[in-house]
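Undergrad: Residues or ranges marked as region 'Disordered' in TrEMBL: 24-81, 98-138, 583-656. The compositional bias 'Low complexity' annotation in TrEMBL covers 46-55. The feature compositional bias 'Acidic residues' is assigned by TrEMBL to 64-73. Among the features that TrEMBL reports, active site, for sulfotransferase activity is placed at Lys361. Taken from TrEMBL, the feature 3'-phosphoadenylyl sulfate binding site covers Arg456, Ser464. The compositional bias 'Basic and acidic residues' annotation in TrEMBL covers 641-656.
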Amino acid sequence: MVATPPEEIARQHAEACAILKSRSMPCLPRIDHGEVPLRWKQRPTSSSSPSSSNPNSPPGEEGIVVDDDDDVEHNDRPGWCISSRGQVDVSRIVELISEGVNDPAGDDEKKDERSSSSSSTAVVKEEPHSKSSSSADASCTNLWSERNASTNNVRLTRPSHDAWGIKKIILVFCDDFLNTIYTLPWYQPNNDVVGKRMHDAVRPVLDVLGIDKSQVVRCILAGMPPGVTIPVHHDTGEWVRHAHRVHVPIIVPDVDAVLFRCGDTVSTLNRVDCSPGHVFEMNNQAKHTATNAHPYAYRVHLILDYVDPSFFDARVSENCPTRRVDLSPGEVVTQTRRSIDRALDAGARRHPSYIVIGAQKAGTTSLYEYLNQHPWVIKAKRRETHCLDWRWDGTLKSTSDRRRRCLDFYHADAMTPYPSLITGDSTPSYLLDYYRVIPRLREVFPHEPRLIIMVRDPIRRAMSQYAMVTSTDGTPEQLAARGVEWRDKSLEEVLTEDVRNMKDDGLLPYWDVVTGTVDSSAYEAFANSREEDEAWERYVRTRIPTRTGSYSPLARGMYALQCRPWFRSFSKDKFLVLKLEDMMTSSPPPPSPAQSNENDDGSGGGAEKREGGGGGGGGVQRAVDRAMSHLGLPRFQVSDTSKKNSREYGDPLEGKDELRGMLERFFAPHNERFGRMMVEEMGYDEEEWGGVWSYDQR
């Protein structure tokens with residue numbers, strides 16, 4: 001999806017003017033179909049793909065597109081795009097907004113510069129306006145004045161609308177994910193200057209729709225300049241799938257000079273009646289376009305978006321409840337393409353918000369990249385910062401200096417004005433290297449970031465590690481990070497070395513090296529004992545090097561031992577543990593404790609019920625949904641579900657059944673122990689973790 005070229009907009013404008021002049025397109029009859037079903041809005045109506053939305057489009061703005069997908073199959077298309085919900089008297093709104101309605105948006109000089117490069121067509125006749133721009137800006141009763149809005153309301157930007165020269169009076173607005181709903185002063189009933197009158201004037205629209213004001217997530221008065229065409233597009237953004245879009249024409253100087261069209265595709269656009277007071281709902285995932293061909297007068301619509309009451313319940317179940325905020329007159333907000341924050345909240349979020357601490361070769365890179373597709377998640381300067389192990393600067397003398405050094409990996413200063421945004425990294429060496437990392441993390445990040453652990457069948461994990469570090473493919477930096485210690489060693493040599501190290505450190509009193517078997521009684525007596533704790537710490541302190549990945553092929557798969565010091569050091573709600581196997585499957589795993597009350601009625605709360613979720617990667621989408629709930633972020637649709645940092649390699653165990661059997665016997669008690677830990681200590685589901693990686697079932 002690309003921005004519509006100016007010449008294409010000029011062509012569409014000429015076409016619209018010709019339609020108006022010829023009177024060849026009558027308006028659709030007014031039919032009240034009721035609400036547009038939200039299941040029709042899970043993807044653009046002109047696309048058979050899960051989503052044609054551009055994740056880089058401005059927050060909540062119309063995507064400017066010229067794609068006509070008439071040649072694809074549309075068996076799943078909605079039956080209609082417009083529903084006439086009723087008729088209201090808009091005279092009280094007109095009374096409030098008439099002053100300055102035909103004044104150009106913004107400062108004349110800046111507006112002229114913007115117009116020269118904007119996508120609107122310059123066919124406006126020069127006519128006297130209701131007031132000069134200077135007098136309008138000086139008026140406290142001119143609600144179109146940007147200066148007035150900045151002082152007595154709150155000024156917000158809407159990039160696409162601003163580029164088209166569309167003026168705005170914003171009453172209610174929300175970020176792209178409907179995470180925070182802001183009510184501006186000019187819609188607050190306790191604002192005696194404008195708010196109460198505007199609140200009462202809009203009330204009839206809500207009554208016709210049969211909704212409560214608490215359901216309104218956006219409410220804007222938009223003034224469309226004369227001689228302008230908004231090109232054919234569909235709206236983009238996460239909010240579109242959850243909200244009903246309603247238009248109410250307020251000021252229309254000449255209905256015969258306005259052409260508002262909507263349809264499944266470009267070739268099926270139908271004209272909508274834009275008589276003042278006509279309350280109509282539209283499917284804004286359908287193609288739509290608008291033209292104001294009046295020679296000098298603006299056309300004004302009330303644009304309102306509302307959600308079903310169940311939306312708020314779903315957000316609570318996803319650990320991301322919607323907030324409501326009343327903004328103060330003149331308050332400053334900071335915006336990104338998808339977020340809105342109050343300036344007074346700058347610095348409220350402490351970074352990093354999360355760290356993926358392991359395990360190596362268990363999908364940590366893929367998960368990190370999936371998380372960073374969320375518009376509110378910002379990548380660290382390095383995916384693996386290693387600021388708590390390899391790059392820890394022991395020469396720094398104070399905690400503040402060490403904290404500053406670590407925060408520099410996360411763009412922390414630049415993110416200060418935007419507390420909605422989060423950042424984190426994925427350094428899988430942290431999980432094993434607990435004795436160094438945990439005290440350092442507590443020192444420099446006392447807010448205790450959320451921790452994510454990825455695990456995988458430990459045999460497959462070990463084989464993947466061996467294949468990676470012995471590969472000669474990669475950048476010089478990658479090759480250096482892998483190390484050269486295993487480059488000339490066989491798999492058997494590498495595994496034998498790790499067993500010998502653990503035996504020497506007293507960690508495997510139950511393992512018979514000669515027979516390759518476990519003494520079950522000795523294992524049960526040794527597991528979770530003080531002697532095991534001491535042996536594990538001895539192994540980690542003496543066998544874990546830095547600046548190389550060529551170590552501990554077996555120990556890295558002993559997840560209970562690796563996780564135990566972490567689980568003892570932080571509250572269990574800080575952790576999310578995911579299996580790579582679940583991320584690769586299309587069948588849903590049982591919920592983790594954080595998602596145990598997840599909405600499952602198809603109202604938008606559960607990922608399993610969402611249409612278009614995951615872009616074809618159901619397991620990926622579910623894993624990311626769980627991560628979003630863990631991080632307290634609103635969910636989003638993962639567009640790229642392909643594997644990251646993966647490589648094809650032959651099975652190092654092919655034809656080595658004896659070695660495979662030995663590894664299965666080695667890991668079997670550790671897998672069973674880790675499954676019990678996840679269920680009994682961490683509260684995860686027995687169905688998901690009981691019998692995890694049970695080799696005797698093969």
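A Cβ is built for glycine as well, from the same backbone N, Cα and C atoms used for every other residue.
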Undergrad: Sorry to bug you, but what's the C-alpha spacing from Arg456 (3'-phosphoadenylyl sulfate binding site) to the residue listed as 'active site, for sulfotransferase activity', rounded to the closest Å?
TA: 8
Undergrad: Cβ-Cβ under 8 Å from Ser464 (3'-phosphoadenylyl sulfate binding site), same chain, 6 or more residues apart: which ones?
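TA: Sequence-distant Cβ neighbours: Lys361, Arg456, Tyr649.
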Undergrad: Highest CB neighbour count within 10 A among the recorded positions Lys361, Arg456?
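TA: Result for the most crowded candidate: Lys361.
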Undergrad: With DSSP, how much of the compositional bias 'Basic and acidic residues' (641-656) is helix, how much strand and how much coil, in residues?
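TA: Helix, strand, coil within the compositional bias 'Basic and acidic residues' (641-656): 0 helix, 0 strand, 16 coil.
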